[in-house]
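In Swiss-Prot this protein carries:
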{"type": "BINDING", "residues": "Ile36, Asp82, Asn109, Tyr173, Lys177, Ile206, Thr208", "note": "NADP(+) binding site"}
{"type": "ACT_SITE", "residues": "Ser158", "note": "active site, proton donor"}
{"type": "ACT_SITE", "residues": "Ser159", "note": "active site, proton donor"}
{"type": "ACT_SITE", "residues": "Tyr173", "note": "active site, proton donor"}
{"type": "ACT_SITE", "residues": "Lys177", "note": "active site, lowers pKa of active site Tyr"}
Amino acid sequence: MSPSAIHNITSDLPSSQQHRPFAGKVALITGSGRGIGRGIALELGKRGASCIINYAKSAGAANEVVAELAKLGSKSIALQADISKPADVAALFEKALKHYGHIDFAISNSGMEVWCEETEVTPELFDQVFNLNTRGQFFVAQNALKHCSEGGRIILTSSIAAQMTGIPNHALYAGSKAAVEGFARSFAVDCGRKRITCNALAPGGIQTDMFDENSWHYVPGGYQGMNIDTIKDGLAKMCPLNRVGTPADIGKIVCMLVSDEGEWINGQVLRCSGGGV
């Protein structure tokens, strides 16, 4: 990869045309009204992509992201869809295609994290988690394979929890994400006929509202109600870079994967944790 290409992918770029490598590209990002999805959309928008900002219920946060993207020169829209429902996923892609005419990048980010003692998991809770985290991502990938332009990109979202050991009461969530890693490897094969790549990200230690609610579980000796700064300090010490991650960190990784230079990365699960556990 050339130095100039690396600069374009990884820097905080101004919105000038010479630094907009994704101008003319369209990215559909599920669950992008907040958190990691929002961070991905903003990084893609900085680089010229038009974004479909998906939300499940409230349009407020999604519309705020659209407004932020407009300031960056990105012509984006907010579309509602409950990703746990395959019919909603199909309709989301159809609406996006009707608006833009094509989709180049599909980033499946919607998800939920739960902690529940295994003996207390009900069939209803199991279905709720797997319908969103697992089945939803399968049908995002399926529709992306059907509708994305040749040479496009599909990115699914796993979690470092899928490979971690020693975390109690986490089988339901970890299992829902581990399945996604299998999807990425298999879809990469089937997407090859359209030169579409498929990879999965396994983020860890990324500060979002979900992080604020749940990260105490990952800190040795952590407890509910623990001061968030204490949690951040504890997790930072578990990372060689001595910090927690941000949604922008994941957004920049996505920009690398969807770039022309990222084509040879395919069927992989990328652990995105700054080297931390």
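Cβ atoms are placed via backbone N, Cα and C, with glycine included.
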Greatest inter-residue Cα distance in Å for the NADP(+)-binding set Ile36, Asp82, Asn109, Tyr173, Lys177, Ile206, Thr208: 24
Distance [Cα-Cα, Å, rounded] between Tyr173 (NADP(+) binding site) and Ser159 (active site, proton donor): 9
Sparsest-packed among the binding-site residues, when each Cβ's other Cβ atoms within 10 Å are tallied, from Ile36, Ile206: Ile206
Protein Cβ atoms within 10 Å of Tyr173 (NADP(+) binding site), excluding its own: 23
Cα proximity to Ser159 (active site, proton donor), best match among binding-site residues Ile36, Asp82, Lys177, Ile206, Thr208: Lys177
Cα-Cα distance linking Ser158 (active site, proton donor) and Asn109 (NADP(+) binding site), given in Å to the nearest integer: 9
Those recorded positions listed as Asn109, Ser158, Thr208, and which of them has the most Cβ atoms within 10 Å of its own Cβ: Ser158
Pairwise CA distance, Asp82 (NADP(+) binding site) versus Ser158 (active site, proton donor), rounded so that it is a whole Å: 19
Between Ile206 (NADP(+) binding site) and Ser158 (active site, proton donor), the C-alpha gap once rounded to whole angstrom: 13
Rounded Cα-Cα span from Ile36 (NADP(+) binding site) to Ser158 (active site, proton donor), Å: 12
Asp82 (NADP(+) binding site), number of other Cβ atoms within 10 Å: 18
Three-state secondary structure, which DSSP defines for Ser158 (active site, proton donor): coil
Helix, strand or coil at Ile36 (NADP(+) binding site) [DSSP, three-state]: helix
